[in-house]
Structures are given as structure tokens and as C-alpha cells.
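Feature list (source: TrEMBL):
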- TYR156: active site, proton acceptor (ACT_SITE)
- 10-38, ASP66, LYS160: NADP(+) binding site (BINDING)
- SER143: substrate binding site (BINDING)
- 290-310: region 'Disordered' (REGION)
Amino acid sequence: MDRTVVLITGCSSGIGLHLALRLASDPSRRFKVYATLRDLRAQGPLREAAQSRGCPPGSLEMLQLDVRDADSVAAARARVTEGRVDVLVCNAGRGLLGPLEVQEAGAVGSVLDVNVAGTVRTLQAFLPDMKRRRSGRVLVTGSMGGLMGLPFNAVYCASKFAIEGLCESLAVLLPPFGVHVSLIECGPVRTAFQEKLEGGPGGALDGADAETRDLFSRYQRHLERIFHEAAQDPEEVTEVFLAALRSPRPALRYFSTERFLPLVRMRLTDPSGRSYVAAMHRAVFAEEPADESAADLGGPALGPPPAALQ
Ligand SMILES: NC(=O)c1ccc[n+]([C@@H]2O[C@H](COP(=O)([O-])OP(=O)(O)OC[C@H]3O[C@@H](n4cnc5c(N)ncnc54)[C@H](OP(=O)(O)O)[C@@H]3O)[C@@H](O)[C@H]2O)c1
């Protein structure tokens, strides 16, 4: 039986690396995985992990693919010896943290290029063949930051909101072609993401006013708490990719955790945005939350909005 050919972007670390390993070492041996990396010099961790996991020979191949470069995407596609990709995983992504007004144009452009234009480039390279063959699965690593705005993540959220529109539009169009698009919506995941932020870890603050710096400190404390309480291991998240991959009728969205669904629902049930903005502001910035749930991103209590927002 032909193996399922999977190509994944962004496999030097994190979710991409673990998904490549999980599929290549699947006991069914039904996957041939093309794990792609922006820079092949970063293949060490994946190669070593594949060895220690005992991935069978021929189950995993590494290719260079920089999503910012259409030629690099085309070259990777040409090196898929089976001549087809059954499952495309658009996973490459980069974050940007800090007040919007201090972000350098280059950093903003780079994050949009990787997260949005890079995903578009990858899809443009692989979708035509899937449509022609009338078969294919596309899995895209989504984020809570694509479903709700998060302070100090404006550009990252803009990029991930764009991915939502991109995928939803394609998901409506493609079923007659036998092609299905699914977003794997991740909450916080323990990966190198925070260290690999555009502009370096910690986020840009140079030139920000004192009040914004203070809010940023509170945001960082909030982020630490959320990671401490709710971060998932990439292994847990890769199982959600597998569930999407195995589904005979894939949904548009799969959630790696249910923790943030109350906020997702809140945005839908109050389209004015008042409830969400008030709840998120309180959850992130309240010095001493009135109660536990107000501090909890996953279950904010809706009290009167903070004065600043009334
Ligand atoms: N970690 C989280 O909390 C979290 C939450 C929600 C969603 N996500 C999403 O999950 C995805 C994977 O992130 P991660 O958490 O696994 O973090 P990660 O370990 O930093 O992985 C990101 C991957 O994307 C790659 N990448 C960056 N720029 C690229 C480019 N131009 N071309 C090709 N690959 C590129 C990185 O490669 P290099 O090492 O070469 O830069 C790296 O392999 C991202 O789309 C991210 O937005 C993460």
C-alpha cells in the first residue's frame, strides 16, 4: 500500500519537530515524512531524536524550505520523490512581542512574511496538485492569538487572524476537490517559540513610555502564570494533528486544549467585543484580581469592566 506522504514546514524545533517524529515513528509505518527546515544546519536535534526514537529507514527525510522564498518552496516540492504530497502541514511561524509603536518595520514585515505570505506561498505551491488529484489534507498550526486579540502581540495576532481567514476561505472552496483544510488551534505550548521571537527573546521595549512598560511587566507575569498553569507539551499537541489527519470528515478547527473556549465563545456571543475586551484586560492587567477566575485566561468572570474601558 502506498504510504501517506506528509510535508511539514518549520521542523527545526517545537511542534514541527515533534509532529515529524511522531508520524515517522508511527507503528503503522504508513507515513513518509518530509520534515523541512529553513536552515538545514539546524537539523541536529531532529536527526538525533529520530535515531533515538528508532524511526525506520526511509520514513523521514529532511529538506531545506524557507517559506519566505518561493524558489526554496518549489525546490523542496521537486525533491519529493513520490511526486505528490498527501498531507501538507503549514507550521512555520514566528512571534513578535512588545508595544506596537516600538516595533521596527523590518521585524513587522518579517513576521507577516513568515506567518502570512509564507503560508500563502506554501499553499500556492502544493494546492494545485492536490486539486488536480482531487485528494489532499492541509493542516495549519493556528493559535489562540488568531481567535482573540492579545495585548503586546498585535502583529502576531494580526498574522494569525489572517491565517484564520485564509484557511476558512479555502475550507469553503476545496471540498468538491477532495481537499480538506484544518486549523490546529494551539494554546501555550512548551517550545522554543519564546526564545525565537523576532528581535530576540523578551520582546522590544526601547522607546516605550513608563506606563506601557509597567503594563508590559504585568503582561509578562500573566504570561508566566498562564504557561505555568496551562502550557502543553508538543507531544500532546501532535496527537491533535493526528486526530485531524485521521478524521474521515475533517473539521475546520481542532483545539489542542479546551481551556480557552469560554473566551472564544464570548467573542462570538458579544460581537460588539465589549465583553471580551473587558475580560481580557482584567485577566492580564488587574494587579489583584477580584477572584481566581478573573485571573484565569480560561474562565474570566465578567464583572463591570475596568474604569479605563468604560
Ligand atoms: N509555542 C506556542 O505557545 C504556540 C502557540 C500557538 C501557536 N503556535 C504556532 O506553532 C507553530 C510552531 O511554533 P513552535 O511553538 O513549535 O515554535 P518553534 O519551536 O519556534 O518553531 C517554529 C518553527 O518555524 C520555523 N520557521 C521560522 N521562520 C521560518 C521560515 N522563514 N521558513 C521556514 N521555517 C521557519 C522555525 O525555524 P528556525 O529555527 O530555522 O527559525 C521553527 O522550526 C508556529 O506557527 C506558532 O505560531 C505556537
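Glycine residues also receive a Cβ, built from the backbone N, Cα and C atoms like all the rest.
Curation plays no part in TrEMBL annotations; they are all automatic predictions.
Worth saying up front: this structure is predicted, and the values here are computed from it rather than measured.
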Filtered recorded positions, from GLY10, GLY14, ARG38, TYR156, whose Cβ is under 6 Å from an atom of ligand 1: GLY10, GLY14, ARG38
Sequence-distant neighbours of HIS18 (NADP(+) binding site) in its chain (C-beta under 8 A, six or more apart): PRO234, GLU235, VAL237, THR238
Integer Cα-Cα distance in angstrom, ASP26 (NADP(+) binding site) to TYR156 (active site, proton acceptor): 33
Between the residue listed as 'substrate binding site' and ARG22 (NADP(+) binding site): CA-CA distance (Å): 21
DSSP three-state assignment for TYR34 (NADP(+) binding site): strand
Length of the line joining the Cα atoms of TYR34 (NADP(+) binding site) and SER143 (substrate binding site), in Å: 23
Distance from TYR156 (active site, proton acceptor) back to SER143 (substrate binding site), taken between C-alpha atoms, in Å: 10
C-beta crowding around SER143 (substrate binding site), within 10 angstroms: 28
Winner by Cβ contact number (other Cβ atoms within 10 Å) across the recorded positions TYR34, TYR156: TYR34
For the binding-site residues GLY10, GLY14, the one whose C-beta sees the most other C-beta atoms within 10 angstroms: GLY10
Packing count at ARG30 (NADP(+) binding site) (other Cβ atoms within 10 Å of its Cβ): 12
Distance [Cα-Cα, Å, rounded] between ARG30 (NADP(+) binding site) and TYR156 (active site, proton acceptor): 35
ARG22 (NADP(+) binding site), number of other Cβ atoms within 10 Å: 20
